[in-house]
Amino acid sequence: MAVRNCTIVTEFFLTAFTEHREWRLPLFLVFLSFYLATLLGNAGMIILIRKDRRLHTPMYFFLSHLSLVDICYSSVIVPQMLAVLWEYGTIISRMRCAAQFFLFTFFASIDSYLLAIMAYDRYVAVCQPLLYVTIMTEKARLGLVVGAYIAGFSSAFVRTLTAFTLSFCGDNEINFIFCDLPPLLKLTCGDSFTQEVVIIVFAVFVMPACILVVLVSYLFIIVAIMRIRSPGGRAKTFSTCASHLTAVALFFGTLIFMYLRDNSDQSSGGDRVVSVLYTVVTPMLNPLIYSLRNKEVKEAIMKSLSRSRASGRP
């Protein structure tokens, strides 16, 4: 039986996607373009919501926070990944690794809570339209968003504190795009049962809880839509929810694949591809999803473009 090297690890070597050197430049350019599109798309969505009075509603208030979180969420991961590709691997200290893990968990948790809040917002708008204004007051929506940030911070703090009380030894190479818990657990010395429990607790009390809120909300929404007699009314009501459902499916689908399965059976190649989907692709697609499938956003974009053209004329 092989004896594992018990040298304590104080820094990690990130090497994701570096085994094929011919992929370095194409992947670097692709991820850089995705990141720039994420920054421009989400920043543009925030500016559009702030400038257009028709978008000063609870739904777009939550969407502006989702766009802000997506910018932060992607910025925690993508610059580090670009450095890994450019330098054929990057050394990262234990403290910096812990900081990245904390920020990733913080923003991912907020993303989950915001998507659940937006599903509840759609439920109130569709199923209780007469009470919508009294339920979704400015104070109520601000409280929901603040609660999402506090819950995200608490989850990230507990998970980071628990994970980095572990001792890491032997090989310090992490063949992954950032410091995440599944690849880190493979480098631990001794028993990591407590940390495995933390993963399960996080999975049970964050992801499934948020998914349950989304499913229950949309179950009531579907029942309400089926009661609408006009086909045009049904289509209009469903179109306001379709963009949110698409964003939910993209985000939670990849996270479920990553975290709600046995860590010992995970393949690093498949995990890296999935991690790119929820850290790089999803934040980039969210502005497109909400603009292409949302009439109000499309009208606001056209109005903004027409203003720009008018101001540019002599």
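Each residue, glycine too, has its Cβ placed from N, Cα and C.
As annotated by TrEMBL, domain 'G-protein coupled receptors family 1 profile' applies to 41-290.
Residues annotated as transmembrane segment in TrEMBL: 27-49 (among others).
Residues annotated as transmembrane segment in TrEMBL: 61-86 (among others).
TrEMBL lists 98-120 (among others) with the feature transmembrane segment.
Positions annotated as transmembrane segment by TrEMBL: 140-158 (among others).
Residues annotated as transmembrane segment in TrEMBL: 197-225 (among others). Beyond the transmembrane segment (197-225), the same-chain residues lying 6 or more positions past its ends with a Cβ under 8 Å from any Cβ of the stretch are 109, 112-113, 115-116, 119-120, 122-123, 126-127, 155, 158-159, 162-163, 181-182, 234, 237-238, 241, 245, 248, 252, 255-256, 259-260, 263.
Residues 108, 111-112, 115, 118-119, 122, 125-126, 182, 199, 202-203, 207, 210-211, 214, 218, 221, 224-225, 228, 271, 274-275, 277-278, 281-282, 285-286, 289-290, 292-295 of the same chain lie 6 or more positions beyond the ends of the transmembrane segment (237-260) yet place their CB under 8 Å from a CB of it. What TrEMBL lists as transmembrane segment is 237-260 (among others).
Positions annotated as transmembrane segment by TrEMBL: 272-292 (among others).
With a threshold of 8 Å between CB atoms, the same-chain residues lying at least 6 positions outside the transmembrane segment (272-292) that come near it are 16-17, 31, 34-35, 37-38, 41-42, 44-45, 63, 66-67, 70-71, 73-74, 77-78, 81, 104, 108, 175-178, 180, 243-244, 246-247, 250-251, 254-255, 257-258, 298, 301.
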